[in-house]
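*Asks:* Encoded as structure tokens, here's the structure I'll be asking about.
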Amino acid sequence: MPQSTDLPAWRTLSEHFKTIAPRHMRDMFADDPGRFEAFSVRLGDLLFDYSKNRITRETVATLIQLAEEAGLREKIDAMFRGERLNVTENRAVLHVALRNRSNRPIRVDGKDVMPEVNRVLDRMRRFSQSVRTGEWRGATGKAITDVVNIGIGGSDLGPKMVVKALQPYADPRLRAHFVSNVDESDLVEILRPLNPETTLFVVASKTFTTQETMTNGRSARAWFLERISDESAIARHFVAISTNRNKVAEFGIDPRNMFEFWDWVGGRYSLWSAIGLPIALSVGMDRFEELLEGAHFVDEHFRTAPFERNIPVLMGLLGIWYINFFGAQSHAVLPYDQYLEDLPAHLQQADMESNGKTVDVEGRPVNYSTGPVIFGQPGTNGQHAFYQLLHQGSMLVPCDFLAAAESHHPLAEHHDILISNFLAQTEALMRGRTTDEARQEIASEELPPERLEALAAAKTFPGNKPTNSFLYRRLDPHTLGMLIALYEHKIFTQGVIWYINSFDQMGVELGKQLAKTILAELPGDAPVASHDASTNGLIRYFKSLR
């Protein structure tokens, strides 16, 4: 198959870009009173407004043509059919099956996976309910008060983000903690205030060989046994989420306390699976299933909506427009909701691990940019950190703004202030401020003319900075499921158009392999000369400091 740059629509977009690049969105809004209606989509109570983008109707039509030429519709259908889209690992890509609330058969190698998915969901329900009601007791007969999830990457970021986002729905009697970093400080500080008699550990690793997770898991096990000197007590305080029953048993966890998932679930897409057990423990299985239902709602939208009204397709195409034609290298995710504090970190992994690729699915080097750097903070914190660069920096950074119309905690005028900032920032990024407008603002200041001109220049905002806005009634489990699925399918859309495999992560392997070699060289005082001069020098200096 040809690469993206060989597609006719790509060449058309290259020419079209020359006419769009000089235009300002101020003028686009002035010229088109129906711009908001033309460039916004409603899905349930969620509004996706993409009118503040450097696009015209012709731009959108040509981007959709690009998606069609890249075979996006066929790839969407192939994913939902269970075809092996992860070509390097020869695996299906079926996180959509995990939230398939229609129970429509989805087959891998001819076998319907839905009975197994539902069986694990039933086990999650029974287990989480028994812990939450106090029926499941620790080895000394006390109810569980703290759950410690030990995982990394997709076994940590997704569940941690969702637990934080759904904190208003959490059972206050059951506290959730997350340990990911192999830095011992992470584990030590989490464990310090905990009572082993009332602590449940969830060790989450697909292979049960992940170095960081297993190191933390073994240390947690040792901490527990130092305080409760009874190996049999492990069965009441440790459960596993894995695909590797033998390794779970070797670790000392009863395989009956293992929750399975499958190799067609990528780690960064796994929060919908048993990896989401900490979510079910925190907010209950009913809420977890509402999360699944929200994601399934978006899955059906992605699968069936025409591209011109398909939110994740439009999100992906807009990203292509800025990355490959405007030269953008980053994308900001800016939730005006403190409960979504961890969403940018989750999407950072989901996007950058998926689309940070330089070869296509046939192994050929790509000659165009692919995945951007994803970053963000909640509003209004980000306004006092990096928005200066967004407004007046030399780099173009497309932004997503997310906000709920209703707060979980109505408190004086807090929420109106928050939303006024959400709205003002998107307007300011679009409109900017001309130098003439800046001169008028400072005209009353008694300064020499040259100082006034310099100050006016400093107060000029170029504007024309693209943003998408997501506005919804309230951040509840259903809405959160929708938001996450929208971004997942945006990533899929871009991967298809770039003709890359969004579902492997070979880039994480080389450093891990080298770390094993270096780990064996760190003990003792023997000189190390097997690496480059810099690495050898760093190892020597590390040894000298110990």
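Using the three backbone atoms N, Cα and C, a Cβ is placed for every residue, glycine included.
I grabbed these lines from Swiss-Prot:
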ACT_SITE  Glu353  active site, proton donor
ACT_SITE  His384  active site
ACT_SITE  Lys512  active site
*Asks:* Restricting to the chain of Lys512 (active site) and a gap of 6 or more, list residues whose Cβ falls under 8 Å of its Cβ, or answer none.
*Replies:* Gln211
*Asks:* Let me know the DSSP-derived helix, strand or coil state of His384 (active site), please.
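*Replies:* Going by the DSSP assignment, His384 (active site) falls within a helical segment, counted as helix.
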*Asks:* I'm trying to understand the geometry here, so how far is the Cα atom of His384 (active site) from the Cα atom of Glu353 (active site, proton donor), in Å to the nearest whole number?
*Replies:* 28
*Asks:* Tell me, if you would, which residue among Glu353, His384 (active-site residues) has the fewest other CB atoms within 10 Å in the structure shown?
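*Replies:* Least crowded of the active-site residues Glu353, His384, by Cβ count within 10 Å, is His384.
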*Asks:* Specify the secondary structure state of Lys512 (active site) as given by DSSP, simplified to three classes.
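*Replies:* Assignment for Lys512 (active site) reads helix.
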